[in-house]
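Novice: First, the structure itself, so that you have it in front of you.
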Amino acid sequence: MTTTISSNLPSQLEISPTKLLITKQPIKLRESTESPFKSMMDTFKNTIISTSPTECEESSSSTITTPSEESLSSGEESSSISDSESKIITIATLLKPSNSVQDFTPLCNGAQETEIVKISNSINLSNFIIKHLVGKGGFGKVFQVVHVDTQKVYALKVIKKNHIIAKKSVVNTLAEKDILKKISHPFIVNLHYAFQNEKKLYLVMDFVNGGQLFYHLQKEAIFSEDQVRFYMAELILALEHLHDSNIVHRDLKPENILLDSQGHCILTDFGLAKLEVKTNNETFSFAGTLEYMAPEMIQHATCGKAVDWWSIGILMYDMMIGKPPFEHKNRALMQEKIISEKAKFPKFVSSSARSLINGLLTKDPTKRLGANGAIEIKRHPFFKSIQWRKIENKEITPPFVPSTKGIDDISNFDHASLKAHQRDSFSTSPTLSSSQQAYFDGFSFVRTPVLLESQK
């Protein structure tokens, strides 16, 4: 179903543009030698931007120690408090009368030439209350938030501009927003809002409270064959929809699959996804998680949509056996195993499951199961009991329902690992040049109520 996204924004959300003072002093962006999936870029030491008095106040939440927007920029760490003393971080209002603007002036020694860059948002951080930190990655952080007016619960993904510029990931980040803006599918996360300030990008998406598939796989070690069949069916439908739109995900793994409160799969994290993949002769950069990466990507050969079918084959093996089929502490040796070795199976894996996994893990992408479309996979004997239309309409009861106590419940998220990452990776952000800010022109987005209704 084709859905039209209206660019008309609700009048009650209109605010005056923010005025920024941007220095013309050259800024050197230093490339990090660390993995983009393991670290953030080093601290910029040249320039400090003063924050407005209306920046968010530091507070804390009852379950997870959560930094406010100020601590997201400054690196300060919130203190834990008991449930009886719990507070919700309230974002101080940034809304101004239509004839006023807000200045962010660099603190520099001596006179310095500046120019004015305007960032206009119809919605901003003041429209949300931050409650909990629920995710952490190389891109930044994900928070559970509540919309002030509607009281709806969302997930807020925070991305640092200087980080993605340094990592040369601007195109991927903008592609993530564009993909989520155009895609509507029951097993793919929805984007509701996108906005920015002078330092960061913000994506407001569905809050999916069942937790990561990875979290549940860690707890259970392995899933039953029926459970794997159900998850595979939903994910195949999600990938089929993406591929029909010429989109390749490129980072399919348990961490990027969420379970909703009913137990359905939700595919998320499109930070490495590629748009306009129409042939099998595309050139993909070496990106993704190595254990799930297709041989043709490792060999820097031409690639296509079949890279996702390889990844889902690895995922199926992981769910059934409890680990990926090709592992090694040495990354070079792991790459060699992926390129040359065959998957080995324990005796308890059924013949139909083995056949499906082997088909998906065919080294030659032109002969891989799914190379001619998802219909090849859907017709495999492993799925003979699956009623695809009922799966897509969510008419089949999921084999596992996560325990939740409400839409804002965060009990299915890994609290311990998140608490270890409360502090932001650096205390100051650099001043971006006007040409760098121009990368993000047109980033803001509001999904219209009409479009939201069409997704129900």
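FYI, residue positions are counted from 1 along the chain as it appears here.
Cβ coordinates come from backbone N, Cα and C, glycine included.
From a predicted model like this one, the values you see are computed outputs, not experimental measurements.
These came from Swiss-Prot, pasted as-is:
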REGION    50-84  region 'Disordered'
COMPBIAS  50-83  compositional bias 'Low complexity'
DOMAIN    128-383  domain 'Protein kinase'
BINDING   VAL134, GLY135, LYS136, GLY137, GLY138, PHE139, GLY140, LYS141, VAL142, LYS157  ATP binding site
ACT_SITE  ASP251  active site, proton acceptor
DOMAIN    384-455  domain 'AGC-kinase C-terminal'
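Could you tell me the structural context for the features on the list?
Specialist: VAL142 (ATP binding site) falls within a strand segment according to DSSP. Less than 8 angstroms from the CB of VAL142 (ATP binding site) sit LEU133, VAL134, GLY135, LYS136, ALA155, LEU156, LYS157, VAL158, each of them six or more residues away in the same chain.
When secondary structure is read from DSSP and collapsed to three states, ASP251 (active site, proton acceptor) falls in the coil class. Long-range Cβ neighbours of ASP251 (active site, proton acceptor) (same chain, at least 6 residues apart, Cβ-Cβ under 8 Å): ASP269, GLY271, LEU272, ALA273, ALA287, GLY288, THR289, TYR292, SER311.
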Novice: Just report the maximum Cα pair distance in Å for the recorded ATP binders VAL134, GLY135, LYS136, GLY137, GLY138, PHE139, GLY140, LYS141, VAL142, LYS157, no decimals.
Specialist: 14
Novice: Count the other Cβ atoms sitting within 10 Å of the Cβ of GLY140 (ATP binding site), across every protein chain shown.
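Specialist: Around the Cβ of GLY140 (ATP binding site), 21 other Cβ atoms lie within 10 Å.
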Novice: So for LYS136 (ATP binding site), how many other CB atoms are inside 10 Å of its CB?
Specialist: 15
Novice: If you average the pLDDT over the domain 'AGC-kinase C-terminal' (384-455), what number do you get?
Specialist: 79
Novice: Validating a neighbour-count step here. Other CB atoms within 10 A of the CB of GLY138 (ATP binding site): how many?
Specialist: 19
